[in-house]
Amino acid sequence: MSVAVVLFTSDLRLHDNPVLRAALRDADEVVPLFVRDDAVHRAGFDAPNPLAFLADCLAALDAGLRHRGGRLIVRRGEAATEVRRVAEETGAARVHIAAGVSRYAARREQRIREALADSGRELHVHDAVVTALAPGRVVPTGGKDHFAVFTPYFRRWEAEGVRGTQTAPRTVRVPDGVASDPLPDRDCVENLSPGLARGGEEAGRKLVTSWLNGPMADYEDGHDDLAGDATSRLSPHLHFGTVSAAELVHRAREKGGLGGEAFVRQLAWRDFHHQVLADRPDASWSDYRPRHDRWRSDADEMHAWKSGLTGYPLVDAAMRQLAHEGWMHNRARMLAASFLTKTLYVDWREGARHFLDLLVDGDVANNQLNWQWVAGTGTDTRPNRVLNPVIQGKRFDARGDYVRGWVPELAEVEGSAIHEPWKLQGLDRAGLDYPDPVVDLAEARARFERARGLD
């Protein structure tokens, strides 16, 4: 009987998985394989939160495969070595994998291809599995390889259209006797954020249904409301591929309305960042547009930012949410990033690395390029805009409920005064166990403008 290997990466699902479907068409039996790559461990990208969420995802994937007569094979080691070993053990002629956009993904694909070629085997790479529209599917006129501005990209993205979706297979036949390492166990992962969400395809699909049938209708008006949190919280599931971006686009449009269209636009933003990184993989850690910044380094200020003790309540609330949940509202991410890179004038890479250490949805394309967008080294057409945490608080947390939820030291402060506690007088200020601001906003803005040559 013919055998094919399916190497699961960022597509840990059975529904609408073109990689799995292609392998099932290709062979009588398939080997669903996940490799815990040593290269990821060496690079320090196996932080506790994403590792625990991954454990949930793999357990759910294995359960789904067993329900269909198969099982998940897990190996630990170098990806290329383990893939070749499994192919040789099972006699598989071809390996199927979803296309990635990061430098790591490119190196992994190349090494697997070379390892398989030594024994006459092939690697098949499938587009539009991780994203709704494949990077490079649409390109600007004039010889450029990617769009640097979202609006023209979105017009072409909409005109191109998203691929159709596929159902989950009814059966999956796996060869007998294929050895597997144990599945990773969430309960064995230490130092988790206490409010970390659960992962897995079933959890993701339930969240999709709940989102589409209710909160999405208010997304256009409420997505920036920090306390209301009218967001989907689907980003971890998109990152690990337990839900399909293409399926989300179709289902959101079926529901329709302004909320659905606004949500689809955010999915297109995700694709936008992936097509940038696919063409500019160096932008994961190098400036997309160099500004020749001479970044500051202050250990005390960096500690205050990471710990949620800057003295600016909205920034501190955001950072405490990140520590507790391994997730943060997008508006809060923008503010926290602006405060670090423009108010404190610290290298965006320092903040991006901290986010990747904690975020359960730490997608390299979206995390790094959003950090660059805020820092003014990325694709933003207004690179020197500075977000004021007081103004942002009064606009997007007008009653202060988001701050009160994460900064209990300020729970008794009434109204918009919660965003400027340093202005409280007498006993009202003395009774607060909350730090003074680490920096004066006006002085920090002037420093940034001098550094960027704007004064």
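Quick reminder: no glycine exception, Cβ is built from N, Cα and C everywhere.
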Have a look at 178-185, 266-273, 370-377 and point to the one annotated region 'Interaction with DNA' in Swiss-Prot.
266-273
Using C-alpha positions only, work out which of the binding-site residues TYR219, ASP361, ASP363 is nearest to GLN392 (DNA binding site).
TYR219
ASP361 (FAD binding site) versus recorded sites TRP295, TRP348, TRP371 - nearest by Cα:
TRP371
Which residue, out of the recorded positions TYR219, TRP348, TRP371, shows the minimum number of other Cβ atoms inside 10 Å of its Cβ in this structure?
TYR219
Taking Cα atoms as reference points, rank the recorded positions TYR219, LEU234, TRP295, ASP363 by distance from TRP348 (site 'Electron transfer via tryptophanyl radical') and give the first.
TRP295
Take the domain 'Photolyase/cryptochrome alpha/beta' (2-131) and count its residues per DSSP category (helix H/G/I, strand E/B, coil), listing them in that order.
61 helix, 29 strand, 40 coil
DSSP on SER232 (FAD binding site), three-state: which is it?
coil
Three-state secondary structure, which DSSP defines for ASP363 (FAD binding site):
coil
